[in-house]
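In TrEMBL this protein carries:
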TRANSMEM  54-79  transmembrane segment
TRANSMEM  86-105  transmembrane segment
TRANSMEM  111-135  transmembrane segment
TRANSMEM  147-168  transmembrane segment
TRANSMEM  180-201  transmembrane segment
TRANSMEM  221-244  transmembrane segment
TRANSMEM  256-273  transmembrane segment
TRANSMEM  348-370  transmembrane segment
TRANSMEM  376-394  transmembrane segment
Amino acid sequence: MTPTIPPSVSSQPPASPSQTALASFSNMFSVGSVYALSMLHAELPRLLGTSQPWSFAPFTAACLGLSIGVSACASFMAISGARVTAASGTALWGSAVFGTGHFLARLNLEGILACLFLGGIGVGWTYLAVVVLVGQGFPRQPLARSAIGPLGFSSGTAACITLGSLYQFGSLSAEERGQFLKSGGILVIAIAAATMALLPVETDQSRLFSRPQSIRSNSTIFFSALLFFNALPGMMLFAALLPIASHYRVHFDDSLNVLPCAMATLTLEGFLAPALSARLGARSTFIFLFCFRGLVLISFSQSAGAAMALVALSTVLFAHGTGFSILPGLIKSQQSNATQFPHAYGQVLAAWGAAGIVGTSFVAAFASSLDDLKTASFYTGLLVLSLGAALRFMPSIGAHCLQ
C-alpha cells in the first residue's frame with residue numbers, strides 16, 4: 001500500500017522540503033481512511049438489511065475506482081502537475097465520503113457504492129501524485145521518501161478507527177453515521193484546498209512525464225503480479241478488519257480499541273524497509289515476506305486465539321507495506337527514462353485495486369464465522385508460502401526484475 005518513493009524526475013523541487021512533507025502527509029492521511037471502510041460495511045446488514053456478502057460491496061467499489069485512478073493518474077499529472085492531481089484526488093475522496101454519508105442517512109446502498117467508486121479514483125490520483133511529490137521534494141533522502149507515505153496512510157486509518165471508538169460508531173443510527181461521514185468529508189476537502197494553497201504552482205509538466213514505449217512489458221507484467229500477490233492478504237484483512245475483530249470482542253466498539261495500535265506496524269515498515277532491502281536484496285526480501293507471512297497465516301488457521309490473531313495482523317500489515325515500499329525503486333530501475341516512471345508505476349498499481357476486489361470477494365464468502373476465517377487464512381497462507389518458495393527455488397522467475 002505505501003511506497004518508498006524514488007528520486008525526483010525533475011531537477012528542481014516544486015516546494016520546500018517542509019512544505020512537501022506536510023502536504024504529502026496530510027493528503028496520505030486523508031485517503032488512508034479508505035482502509036477503514038470496514039467500519040461502514042460491518043454494520044450495513046443491521047442498518048440497510050443487506051446480506052452479509054453484499055455488505056462488503058463498498059470496499060469492492062472503492063478498489064475498482066482505485067485501479068482506474070492509478071492507471072489514469074500519470075496522464076492527469078502530465079497536464080495538471082502533481083500538486084493539482086494530489087489535491088484533486090483528495091477533494092474527490094472527501095466529496096465521496098460526504099456523499100456516502102448523505103446516502104447512508106437515506107439508506108441508499110446504490111448511492112453509497114457510486115460515491116465510493118468515484119472516491120476510489122480520487123485515492124488513486126492522490127496516492128501516485130504524492131509518490132511524485134515526495135520524490136521531487138526529497139531526491140537524496142531515501143528514508144524520508146520511504147517514511148512519509150506509510151506514516152500518513154496508516155495514521156489516517158488509525159485516526160478513523162479511534163474516532164469510531166470514541167464516538168461509539170457501532171451504536172449510531174444510519175442518520176447519525178451519515179452526519180459523522182459528512183463532517184469527515186468536509187475536513188478532507190479542506191485539506192485538499194490547503195494543499196493547493198501551500199504548494200507553489202508547477203510549470204512545464206509535459207517534460208516531467210512521458211509514456212513508456214511498451215506499457216505492458218514483461219517487467220510490468222511481473223511487477224503487477226508481484227504487487228497483486230503481495231497486496232492480496234492485506235486487502236483481505238482491511239476488507240474484514242472489523243468483522244474479524246468482532247470475533248474476539250463482545251461489543252462492536254470494544255473491537256476498535258486495539259486496531260489503531262496495530263496500524264503502527266504499517267508505519268514501521270516505512271522506516272525499516274530500506275534497510276531490510278539493502279541488507280537482503282530485493283529478491284530475498286520478497287521471499288522472506290511471502291514465506292514468513294504464509295507460515296503465520298497457516299499457524300493462525302490452526303490456533304486462532306487472540307494473541308495469535310494479533311501476531312497475524314501485525315505480520316500481514318508489515319509485509320503489506322514493506323512490499324509496497326520496495327517496488328517503486330525496482331520499477332524505476334527498469335525505465336530507461338526517469339520521466340516514464342509515473343506511467344509505468346501507475347500501470348503496476350492497478351493490481352493493487354484488483355487485489356482488493358479479489359480479496360474482498362473471497363472474504364465475503366468466509367467472514368460469517370471464526371472457523372470460516374481460519375479456512376480463508378489457511379488457503380491464503382498456503383498461496384503466499386508457495387509463491388515465496390517459487391521465488392526461492394526457481395531463480396528464473398523475475399530474474400530480469402529482482403536481483
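Cβ coordinates come from backbone N, Cα and C, glycine included.
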The transmembrane segment (221-244) and the transmembrane segment (111-135) contact flag, 3+ Cβ pairs under 8 angstroms: no
Segment proximity, the transmembrane segment (376-394) to the transmembrane segment (147-168), 3 or more C-beta pairs under 8 Å: no
Long-range environment of the transmembrane segment (256-273) - Cβ separation under 8 angstroms, sequence gap at least 6: 1-2, 4, 39, 143, 146-151, 153-155, 157-159, 161-162, 164-165, 169-170, 241-242, 245, 310, 313-315, 317-318, 320-322, 325-326
For the transmembrane segment (376-394): best-contacting stretch of 54-79, 86-105, 180-201, 348-370, by Cβ pairs under 8 Å: 348-370
Residue numbers, six or more beyond the limits of the transmembrane segment (348-370), whose CB comes under 8 Å of its CB atoms: 1, 52-53, 55-56, 59-60, 62-71, 120, 124, 127-128, 220, 223-225, 227-229, 231-233, 235-236, 238-240, 243-244, 247, 304, 327, 331, 376, 380
Intrachain residues whose Cβ lies under 8 Å of the transmembrane segment (54-79), provided they are six or more past its termini: 34, 37-38, 40-42, 44-45, 85, 88-89, 100, 109, 112-114, 116-125, 127-129, 132, 205-206, 208-209, 211, 235, 238-240, 342-343, 345-347, 349-357, 360-361, 363-364, 367
